[in-house]
Structure formats: C-alpha cells, structure tokens
Amino acid sequence: MQVSQYLYQNAQSIWGDCISHPFVQGIGRGTLERDKFRFYIIQDYLFLLEYAKVFALGVVKACDEAVMREFSNAIQDILNNEMSIHNHYIRELQITQKELQNACPTLANKSYTSYMLAEGFKGSIKEVAAAVLSCGWSYLVIAQNLSQIPNALEHAFYGHWIKGYSSKEFQACVNWNINLLDSLTLASSKQEIEKLKEIFITTSEYEYLFWDMAYQS
C-alpha cells in the first residue's frame with residue numbers, strides 16, 4: 001500500500017467530521033451565515049500566507065532541482081490561483097486591505113500554521129510534504145462531496161467556493177502532493193511512516209478545529 005493511501009485510510013474519521021460540520025454543510029446547502037463566512041475568509045487569507053511558507057521549506061529541503069521547482073510552483077499556485085478564490089470573496093464581502101492587514105490569526109489558526117512550520121523545520125522534505133497534504137486533500141474531498149448536493153454548484157454565493165476547490169486545476173495540485181509523498185517514501189521505514197501519519201492526522205484535526213473556529217465566530 002502506498003503511504004498516501006495509508007494516511008488517507010487513517011484520516012477517514014476526522015475528515016468525515018469535517019464534512020458533516022455545520023459550517024461545511026452550510027456552504028453546501030447555502031445556509032451558512034455570511035458573517036461567519038466573512039470571518040473564515042479573513043482567517044483563511046492569513047492562513048494561506050503562512051501555508052505558503054511551509055512550501056518554501058520544501059524548496060530549502062529539496063535535494064534536486066526538479067523538486068525545488070515543483071515546490072516553487074506550488075507557492076505561486078497558492079498565492080495566485082488559490083488566493084484568487086479568496087480575492088473573489090474579499091471583493092464580494094467588501095473586506096478592505098486595512099482589515100486584512102490589521103487582522104490577527106486566532107489561536108487555532110496560529111497553532112495550526114506553527115505546527116506545520118515546526119515539523120517542516122525539524123524534519124526532512126518528507127515531513128514537509130506530509131505537513132501540507134491534509135489541507136489541500138481534505139478541501140478537495142469536501143468540495144467534491146458538497147458538489148453532489150443539488151444546486152450547490154449553482155449557488156449564487158457559495159457555488160464559487162465549491163467550484164474552485166473541486167476543480168480539475170485544484171485536483172492536479174493535490175495529486176502532485178500525493179505523488180510526491182509516495183515517491184519520497186518508497187524506502188521509508190515503518191517508524192518513519194508512523195511519524196508521517198502522526199503529522200497527517202494532527203493537521204487533519206487542525207482542519208476540523210479551523211472549521212469549528214469559523215463556525216463559533
């Protein structure tokens with residue numbers, strides 16, 4: 001079994017909790033209060049800036065030019081493509097640049113990004129790849145799940161979010177991360193794989209806490 005599938009199987013419980021969370025279901029059914037989503041967009045904007053820094057560690061830790069380029073491209077994708085989803089809602093919700101500049105990450109947000117950065121700093125390229133994977137992969141799974149709800153993709157407000165995270169372009173980015181981790185772990189020991197599982201499950205749990213933080217706002 002490939003390492004990515006092992007991690008995926010072990011994350012099913014917490015990912016199921018994420019999918020069924022009222023914040024996520026509110027996006028899919030178009031019933032989520034806009035003020036909660038507005039708070040989420042601001043916090044996720046701050047998150048993405050730190051998330052990109054974890055990918056930057058991939059450039060530092062990479063042992064060959066090809067992987068360095070791939071991580072560099074991933075940073076560009078976060079700041080240009082994924083951030084475009086946020087910029088759409090920043091305009092829609094009339095969030096000002098001053099608001100973004102003055103916003104502070106919540107404890108859950110800061111703890112999540114600090115954990116990823118810490119694991120990336122002290123680990124190898126494998127730990128970096130594992131640390132960033134659950135965010136993108138779980139978002140893809142969530143968006144694909146929500147896209148099956150009747151009329152969710154056509155929703156005037158939340159449809160853009162679901163389309164963005166269930167798109168072929170976003171799926172390609174996630175697949176790159178999955179394939180990279182699998183290629184890096186072909187000769188990994190059981191102990192090394194269990195450490196990667198710990199990182200993957202912990203970041204998945206942080207994903208749940210992030211949804212809950214936004215819902216409780």
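Residue numbers in this text run from 1 along the chain shown.
Each Cβ is built from the backbone N, Cα and C atoms, and glycine gets one as well.
For the substrate site that Swiss-Prot gives as Asp44, Tyr139, the extra residue drawn from Tyr51, Tyr115, Tyr158, Tyr165 is Tyr165. Cβ-based neighbour count (10 Å, all protein chains) for Tyr139 (substrate binding site) stands at 19. Counting only the Cα atoms, the space from Cys135 (active site, nucleophile) to Glu207 (active site, proton donor) is about 7 angstrom.
Applying an 8 A CB threshold to same-chain residues 6+ apart, the list for Tyr165 (substrate binding site) reads Ile85, Tyr139, Leu140, Ile142, Ala143.
Separation of the C-alpha atoms of Asp44 (substrate binding site) and Glu207 (active site, proton donor): 11 Å, rounded to the nearest whole number.
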